[in-house]
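Beneath this line is the structure, given in C-alpha cells, with notes to follow.
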Amino acid sequence: MADRRGETWKRHISEQLRTRDRLQRHAFEEIISQYNRLLEKSDMQAVLSERYQSDGPRAAQHSGADGGVRGDLQQEMSQMRIKHQEELTEVHKKRGELAQNVIELNNQIQLKDKEIQSNEAKMLEYHQQIASLEGDCCKLRTYLQDLERANQMLKDEYDALQITFSALEEKLRKTTEDNQELVSRWMAEKALEANRLNAENEKDCKRRQAKLQKELADAAKEPLPLDPDDDIEVLADDGGKGEASSPSRPLSRTPSKRNTQVPPGGLLDSITNIFGRRPGSSLGTSPENPETPLGGMDLRVPSTALHVFEAHDGEVNAVRFSPGSRLLATGGMDRRVKLWEVVSGRCEPKGSLTGSNAGITSIEFDSTGSYLLAASNDFASRIWTMDDFRLRHTLTGHSGKVLAARFLLDNARIVSGSYDRTLKLWDLRSKVCMKTVFAGSSCNDIVCTEQCVMSGHFDKKVRFWDIRAESIVTELELQGRVTSLDLSQERTELLTCSRDDLLKIIDLRTNAVRHTFSAPGFKCGADWTRVCFSPDGSYVVGGSADGGVYVWNVLTGKLDRLLDKNHSSAINAVSWSPSGTFVVSVEKGSKAVLWSDL
C-alpha cells in the first residue's frame, strides 16, 4: 500500500512538471526562433566574409571594370554586418536574461524539491498517525462490542429483575391483604378481650363495693372511742333517719389532734389523670411540669453559669426546653438530638435521638411534651416520641435544607420552611404534605398561631400567611436578613432578630414595631441565630458572635445583663425555660451553658 501511494504522488509531480514546462516554454519559443535565425545570418556573414577575402586579389585585377559594383557591394555588406552585430548583441542580451531566468527557475525548483521533501515527511507522519488511529478505531470497535454485549446482559438481567419485582409486588399485595385481615381479626379479638376484661373489672368493682359497704356497716355498728382532750364539734342532723338508726350515738365529727396522713403524690396524680385537673387546682404537680405554673412564676434573670458542658461533637445549632422545664433538647452538626434532664442545677444526659442524615437546624416540642420535631440539612423534618425515643415520622419533599419546623397549636399539623424558598404544611395523621407555598426567599425561622404562620426570610422580610387561603396577608421589611422569630406567651407580640444586629418587638395587633434593642458589642453571628422572650414577656435574651449572652428589659428597653465569661465562640441559640428559672445557650463550638441566678 505504501509503494502504491509513493508511485501515485511521484506520477502526480511528474505531470505537474510537464504541464509547467509546456506553459513556460510557449513564452520563449519566439525568442529561440529569432536566436536561430540570427545564428543562420551570422553563419552566412562569416561565409561571405571568407569569400570576400578570397576574392580580394581577383578584385584588384578587375578594379577598373567592377569598381562601382564592388563599392556598392561593400557598402551593402557593411550595413548587413552592422545590422547582424546589433542583432547578435540583442541575442546575447536576451540569452543573458534567459540564463538569469534559468538560474531563478533552478532555485525555485530546489525550493520546490525541499517543499516536496518536507511534504513527504509530513505525509509519512500522517500515514503513521492514520495507522495509529486505525488501530485505536479497531480497539474502540472492540470495546463498543463489549459494551453492547454487557448492555444486552444488563438488559436481560433488568428484565429478569422486573419480572421478579412484579412477582414480589404481587406477593406483597397478597401479604398486605393477609396482614390487613390478620389485623382485623386481631382487633376483633382485642375487642372481645377488652369486653371480657371490662366485664371482669365490673364484677370486681361490684365485689369491692359490696365488701366496702359491708365494712362500713360493720364499722357503723362499733362504738367510736373519744379522747377527753379532743375538740368536739357537733353537727346537728335534722333528719330523723340518723336518729332512728343510731339513737345512742351523737351525730358529730370530731377532728383528732393526731396527725392526719396525706395521700402520696402518685395517688393524687392518678386521681387527677382519671377525673381531670380543675382549672387553678394546686393539689399537686405532675412529673412533667414540676415547676410553678406560669401565672405564679418567680422569674429569675440569669446571672450565674450553673453548668458548662460539652453538648455535641461539633457545632450546636439549636436548643429548646420541654413544656415541663425539666427536659432540655439540643441539636448539632453531629446529626443527633440529645436530651438532658436538669437536676440540681446540672444537665444530666437522658438520651439521644438518631435518624437524621445531616446536621440539625431547629428543635420544637409539641404543647404536651410528648413529641419532638427537628429540622435538618438533609432536606427533611423528623418527629420522635419522647416516651421511648423512637423515630415516628420522616417528612421529605423539600429540595433544600430545612431551616425551621414548628407544630401548629392542634399538634396534628406542622409547618416547615426551607432554603428552597418554600413553606410546606404537613398533616401528621396522613403523613402527607397538604400545601406548598412559594415564599420567594429562603426561610430562616417560623412561628405559628391558630390560623396564621409568620416566617422570617433571607430577603429581610417577615411574611404573615393565612393557612386557609395560602396567601400572604401582609409583609414587614426589616433592615437585615431575618434570623429568628419568637412569640410572646399571649401571642400578641413578635420578637425578631436580624443581621443588622437589632432585636425588635412587633405588635401583631397593629403590625408596628414597638421596641428596638441593641447593645455595644452585640453582633448576630449567623443566619440562624435564635433569640427568645422570657416566659412572662418582660425580658428578651439573645446570644452574640463574641460569646456573650445579652438580656434586655422590655419595659425600659435597656440592656439589663451581660453574661460573657463562659463561651469561647459565637452563640447560635438560647432558650428560656417555661418556669422562668433557667436559660440555656449553645455555641458554634461544642459547649452549652445552663444559666440561672441560684
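Keep in mind that glycine also has a Cβ here, set from the backbone N, Cα and C atoms.
The annotation domain 'Autophagy-related protein 16' is assigned in TrEMBL to 12-198.
Feature annotation from TrEMBL assigns region 'Disordered' to 52-71 (among others).
The region 'Disordered' annotation in TrEMBL covers 218-296 (among others).
Among the features that TrEMBL reports, compositional bias 'Acidic residues' is placed at 227-236.
Here TrEMBL flags 245-258 as compositional bias 'Low complexity'.
Sequence-distant contacts of the repeat 'WD' (309-350) (same chain, at least 6 residues past either end, Cβ-Cβ under 8 Å): 286-291, 356-365, 367-369, 372, 374, 376, 384, 386, 389, 528, 530, 572-579, 581-582, 584-592, 594, 596, 598. Residues or ranges marked as repeat 'WD' by TrEMBL: 309-350 (among others).
Annotation comment: TrEMBL describes 353-394 (among others) as repeat 'WD'. Mean pLDDT for the repeat 'WD' (353-394) in this predicted model: 92.
Residues or ranges marked as repeat 'WD' in TrEMBL: 395-436 (among others). Remote same-chain residues near the repeat 'WD' (395-436) are listed as 358, 361-362, 364-368, 371, 373-377, 379-383, 442-450, 453, 455, 465, 467, 470, 528 (criterion: CB distance under 8 Å, separation of at least six residues from the stretch ends).
Taken from TrEMBL, the feature repeat 'WD' applies to 531-562 (among others). Long-range contacts of the repeat 'WD' (531-562) within the same chain: residues 294, 297, 299, 301-303, 484, 486-490, 493, 495, 497, 503, 505, 515-517, 519, 521-525, 568-580, 583, 585, 587, 593, 595, each at least 6 residues beyond the stretch ends and with a Cβ under 8 Å from a Cβ of the stretch.
Away from its own ends, the repeat 'WD' (564-598) comes close to residues 291-292, 294, 297-321, 323-325, 328, 330, 332, 342, 345-347, 525-526, 528-536, 539, 541-549 of its chain (Cβ-Cβ under 8 Å, at least six residues beyond either end). What TrEMBL lists as repeat 'WD' is 564-598 (among others).
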DSSP-assigned states of the repeat 'WD' (531-562) in counts, ordered helix, strand, coil: 0 helix, 16 strand, 16 coil
Tally of DSSP helical, extended and coil residues in the repeat 'WD' (395-436): 0 helix, 25 strand, 17 coil
